[in-house]
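Trainee: Sharing the feature lines straight out of TrEMBL:
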- 1-20: signal peptide (SIGNAL)
- Cys27-Cys450: disulfide bond (DISULFID)
- 34-450: domain 'Integrin beta subunit VWA' (DOMAIN)
- Cys35-Cys45: disulfide bond (DISULFID)
- Cys38-Cys75: disulfide bond (DISULFID)
- Cys48-Cys64: disulfide bond (DISULFID)
- Cys463-Cys475: disulfide bond (DISULFID)
- Cys472-Cys511: disulfide bond (DISULFID)
- Cys519-Cys554: disulfide bond (DISULFID)
- Cys562-Cys593: disulfide bond (DISULFID)
- Cys567-Cys576: disulfide bond (DISULFID)
- Cys578-Cys585: disulfide bond (DISULFID)
- Cys606-Cys616: disulfide bond (DISULFID)
- Cys626-Cys639: disulfide bond (DISULFID)
Amino acid sequence: MDLKLLLISLLFGIICYSSAQQEGNECIKANVKSCGECIQVGAKCGWCTDPEFLKQGEATSTRCDELESLRKRGCGAAKVENPRGSQRVLKNTPVTNRNKGADKLKPEDITQIQPQKLTLSLRSGEPQSFNLKFKRAEDYPIDLYYLMDLSFSMKDDLENVKNLGTQLMLEMAKITSDFRIGFGSFVEKTVMPYISTTPAKLLNPCTGDQNCTSPFSYKNVLKLTSNGRKFNTLVGQQQISGNLDSPEGGFDAIMQVAVCGDDIGWRNVTRLLVFSTDAGFHFAGDGKLGGIVLPNDGKCHLENNMYTMSHYYDYPSIAHLVQKLSDNNIQTIFAVTEEFQPVYKELKNLIPKSAVGTLSANSSNVINLIIDAYNSLSSEVILENSKLPDGVTITYQSRCKNGVIGEGEMGRKCSNISIGDEMGKSETIKIKPLGFTEEVEIALNFICECDCHKDGIKNSEICHNGNGTFECGACRCNDGRIGRQCECSTNEVTSEDLDKNCRKDNGTDICSNNGDCVCGTCECKKRENPEERYSGKFCECDNFNCDRSNNKLCGGHGRCECRVCICDTNWTGSACDCSLGTTTCLASNKQICNGRGTCECGTCKCTDPKFQGPTCEICPTCPGVCTEHKTFSTFNVTCNGHNSKRYVWCRNNTAHNPKNTIPTGCFSSAGIWALVRVEGIMNSSKYQAILAQNIQASVRKMKMKRKFTFQHANDPEHTSKSTEAWLHQKMINVLEWPSQSPDQNPIEHLWGDLKRAVHRRCPRNLTDLERFCKEEWANIPTSRCAMPIDSYTKRLSAVIKSKGASTKY
């Protein structure tokens, strides 16, 4: 059984002191005075030993900080004290591999848990984990003590138990070759109202002609022995007794069996206690009925094998029994009748390593019950640990048979374990499997001081003429002395002469109201946020009152020192919000601000007032491009009842070159479709390729399925036989359109919008033109697309009414 244990030291009680954890930076908040106190705050805390580390006005306690924070504040790794925990195994005898029939070993020579002894060095808040291995040994010795209720109702059961010894010996021989058995009996406390105290009833508590023995509390009839016949003989001589009430005094008997080890004959082997009864039980507090008020003392009180203090001590409590059974490694089997099964099952839940079996009316099944209960108990291993020192916690993780992993309380145990199976568990503390005598001893050493502590110089001159010990880069002052260098005695700290040294420019504020005057020196207050600090000779500086940008201190690009931002590389400005880089000012032509402005703080400042935009690319009033490129050539493609165009700018006196045309795509009331550039002259094959690549994709994008009508113009590539055949093959419904149709295509409205938008951006070349066209086309909202479609019927009616003349549309 491989079990991993996690041991955490949080506080060290009287061994050493550790501050309680707090939210935020616990190292700063702890306000410690020495390295030893610092490392007890938590595992994240370190102490800077550099004598020059503190800034003016900073208290000694600020040497204690989180490791990363110390590094950022300029304390080198070699100057940081940060001791870590460790572990060392002192005894590690391997678990015993032994088969039944092999040479017999003494119980003390059998090892079932490994390692047996180790030492841990623990630092507060830092976990230490280690592995334990447990393996059940074959043919392991067993001691079984049979404790029986001999009240009158158990008369039939006694007859069947008289032959238990030899029969149980035979059955247990299948499990172990080293088995011993003992016998004890109990009835009740020998006082009223549990028994009748009349002289006749004390001699024979039974009624009628029944011959019973005198009542007693607990009797050890037979010490543990390997002689089964002796068991049968002595048990056969026992007689039934009687009492008045139904619950019995079994808890008194269990306590004596647990604590009277020498009288019972327990060995350091597997110890089983079989508790047989057909009634309930009395427990702590019930003794008051008989005038018994002293709590059970948990000690052995057997004289001549009889419990002699039942009239003096109360019944033990369940918790008291649990402790004694665990301390003495006794596993309990409750053999009870079916009527009391619910009661004893609840009791089993309170007693670790116990089992409950159903006893037949005459105890005829007791052997099978014992064997089944033993197998159940021995197939489960539960770890327990002794009382932990204050501030130490321990958690378990088990790796059991078939790869089953348990954590938390379930990490303490493994079930369904067979003999020879190995399991795995992870504290002076002792850990042991319940019901076994073997244990792991763990010595705990607490790290309460830093390594630099041993190098401290007592009565050092550095500490104001020997008024303290110089250790770990700071003075630890003697009693009655204070100050960073122990320069003051405690009765001088409030004098006016010292306070005036803490007033800046002879003002009235002591330490700028941000600190306390200690020995004529300001010690700055700590902020609730441990990352915010006051500093300076008069605590006049801080690192949190600098200019902000975007709600960030120093714009997130610098650090605040004495209320002034110290900017990172490539940043400037009072709030470090001005970038010295020019990447954000680069235009698409790789020029800074398109050559029309300067880059200031990462933003273009256009020098020509006509231009604007992020990179001075927009000129709303510029005629230059339109004058330079006068000719605007368009090429119409009409589809789905909507006209689409390709267009280019041509220089003055330059013929239109078809290879530079850019066709735009279609649109519908659901939104715009693709915009496509066509290289060269448009023909039927190119046109069909455009339709193949864009119609179905756009239909799917608009989720139109096949519920649409396709409209295009009467250009030759639109009306060619091959185009008509292609459209027919694709089952696309085409809108009929007269060859001499008025210019009423709805796309003309969008086309006007597009031209105006592109014109405002003043494209300088075909690349700009194509990019601007596609960007502005994509920006046309769906609501704008729907407007000309919604008015389509009205516009066509107006054309018919005007007989082809112009209309208001």
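Each residue, glycine too, has its Cβ placed from N, Cα and C.
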Trainee: Which disulfide-bonded residues from the set Cys27, Cys472, Cys554, Cys576, Cys593, Cys616 come within 10 angstroms of Cys585 (disulfide bond), judged by C-alpha positions?
Mentor: Cys593, Cys616
Trainee: I'd like to know which of these disulfide-bonded residues, Cys27, Cys593, is least surrounded, judged by other CB atoms within 10 A.
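Mentor: Cys593, out of the disulfide-bonded residues Cys27, Cys593, has the fewest neighbouring Cβ atoms within 10 Å.
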Trainee: How many Å lie between the Cα of Cys27 (disulfide bond) and the Cα of Cys45 (disulfide bond)?
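Mentor: Pair distance, Cα basis, whole Å: 6 Å.
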Trainee: Which disulfide-bonded residues from the set Cys38, Cys45, Cys554 come within 10 angstroms of Cys64 (disulfide bond), judged by C-alpha positions?
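Mentor: So the list reads Cys38, Cys45.
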Trainee: Specify the nearest of the disulfide-bonded residues Cys450, Cys511, Cys519, Cys554, Cys576 to Cys48 (disulfide bond), where nearness means the distance between Cα atoms.
Mentor: Cys450
Trainee: Using C-alpha positions only, work out which of the disulfide-bonded residues Cys35, Cys45, Cys576, Cys578 is nearest to Cys450 (disulfide bond).
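Mentor: So, of the listed disulfide-bonded residues, the one sitting closest to Cys450 (disulfide bond) is Cys35.
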Trainee: Pull out the disulfide-bonded residues from the set Cys463, Cys472, Cys511, Cys562, Cys576 whose C-alpha sits within 10 Å of the C-alpha of Cys35 (disulfide bond).
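Mentor: Candidates kept after distance check: Cys472.
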Trainee: Between C-alpha atoms, which of these disulfide-bonded residues comes nearest to Cys593 (disulfide bond): Cys472, Cys567, Cys606?
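Mentor: If we rank Cys472, Cys567, Cys606 by Cα distance to Cys593 (disulfide bond), first place goes to Cys606.
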Trainee: Tell me, in order along the sequence, which disulfide-bonded residues from Cys511, Cys567, Cys576 have their CA within 10 Å of Cys554 (disulfide bond).
Mentor: Cys567, Cys576
Trainee: Here's one to test understanding: among the disulfide-bonded residues Cys472, Cys511, Cys606, whose C-alpha is closest in space to the C-alpha of Cys578 (disulfide bond)?
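Mentor: Closest by Cα distance to Cys578 (disulfide bond) among the disulfide-bonded residues Cys472, Cys511, Cys606: Cys606.
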Trainee: Which one is it: of the disulfide-bonded residues Cys463, Cys562, which Cβ has the fewest other Cβ atoms within 10 Å in this structure?
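Mentor: Per-residue Cβ counts within 10 Å for the disulfide-bonded residues Cys463, Cys562 bottom out at Cys562.
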Trainee: Which number gives the other C-beta atoms within 10 angstroms of the C-beta of Cys475 (disulfide bond), all protein chains shown included?
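Mentor: Taking every protein chain into account, the count is 27.
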